[in-house]
Amino acid sequence: MSSSFQTIALIGKHKNPGIVTPLSSLARYLQSRNLTVLLDNLTAASMDEDSYPAVAMEEIGSRADLAIVLGGDGTMLNIARKLAPFNVPLVGINQGRLGFLTDLSIVTMQQTLGAILEGRYITEQRMLLYAEVARSNVTTFGGLALNDVAVNRGIGGNMIEFEVRINDEYVCLLRSDGLIVATPTGSTAYALSAGGPILHPSLDLVALVPVSPHTLSNRPIVVGPDAAVEILMQRTAVARVHFDSHSHFDLEENDKVMVRRSPHRVTLLHPSDHSYYRMLREKLGWSGLPRNPT
């Protein structure tokens with residue numbers, strides 16, 4: 001059966017020797033199906049592989065019909081942000097531990113990928129956030145986030161103080177260790193550990209989750225996808241804004257962090273038997289079996 005995916009990019013966790021054997025095996029498998037295989041530059045360098053074209057991420061974005069990512073959720077987050085502007089579908093393969101984004105097992109990857117290449121898969125669209133930092137009314141930093149944009153105290157031990165506005169309307173003055181602005185994808189990450197709600201990934205919603213607030217009545221709130229969230233730094237010694245915990249920018253008093261929904265989306269492909277609720281049970285350790293199994 002012919003596949004709608006003809007050019008496949010393989011991307012692995014960088015500087016991880018454990019990716020070499022499975023990625024080489026996967027590349028040979030894809031080539032045996034008469035598909036064109038691309039490696040991103042850093043993956044090719046880690047594999048010491050010259051049998052396949054090694055290209056920059058921008059070229060993967062312009063040429064690939066599908067990107068297969070081998071690693072953990074952190075690797076997937078990084079690649080998803082880079083490829084989001086190109087709308088390249090992503091498949092995530094974990095290295096033994098099930099991830100929220102990397103749900104294919106490395107043990108059965110060829111069989112599962114074979115089904116996906118033949119059109120048996122579930123497509124899922126995930127929203128992204130875009131945030132900018134303004135200092136003296138000049139934008140000094142910006143970036144995408146698939147999980148969350150988080151303002152936190154830095155290496156110092158003091159709480160930070162900031163004002164929160166939504167769509168130019170004042171919400172509150174918050175004294176806490178920080179604030180997490182999370183997507184549904186990020187609702188099962190840092191935001192969950194801070195007491196935030198779990199949002200189904202099919203929803204376009206944003207959760208605002210305080211981190212250790214000084215006033216216990218400061219609770220998480222959920223807002224619509226078109227909400228423009230502004231965080232205005234007040235008295236703060238050391239604070240940072242983090243994008244998916246990968247990149248960060250140091251904040252100063254009177255800096256403004258502006259968070260909005262990005263026009264870009266991430267497309268994930270899952271096996272046809274994928275179940276979000278089963279994944280929640282397995283990842284979060286929910287116990288118990290149904291009393292009346294169907």
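Glycine too: its Cβ is placed from the backbone N, Cα and C atoms.
In the structure as shown, the Cβ atom of ASP73 (active site, proton acceptor) sits within 10 Å of 24 other Cβ atoms. Annotation comment: Swiss-Prot describes ASP73 as active site, proton acceptor, evidence class sequence analysis.
Under the heading NAD(+) binding site, Swiss-Prot lists ASP73, GLY74, ASN147, ASP148, ARG175, ASP177, THR188, ALA189, TYR190, ALA191, LEU192, SER193. Within 10 Å of the Cβ of THR188 (NAD(+) binding site) there are 22 other Cβ atoms, across all protein chains.
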Statement: Expressed in Å to no decimal places, the gap between the Cα atoms of THR188 (NAD(+) binding site) and ASP73 (active site, proton acceptor) is 12
Query: Given the binding-site residues ASN147, LEU192, and counting only Cβ atoms in the protein chains shown, which has the most within 10 Å of its Cβ?
result: ASN147
Query: Within the chain of ARG175 (NAD(+) binding site), which residues six or more apart in sequence place their C-beta under 8 angstroms from its C-beta?
result: MET159, ILE160, GLU161, PRO213, HIS214, THR215
Task: Give me the Cα-Cα distance between LEU192 (NAD(+) binding site) and ASP73 (active site, proton acceptor), rounded to a whole Å.
output: 16
- line: Ordered by sequence, the long-range same-chain Cβ contacts of TYR190 (NAD(+) binding site) under 8 Å (at least 6 apart) are ASN147, ASP148, ALA150, ILE180, ALA182, SER245
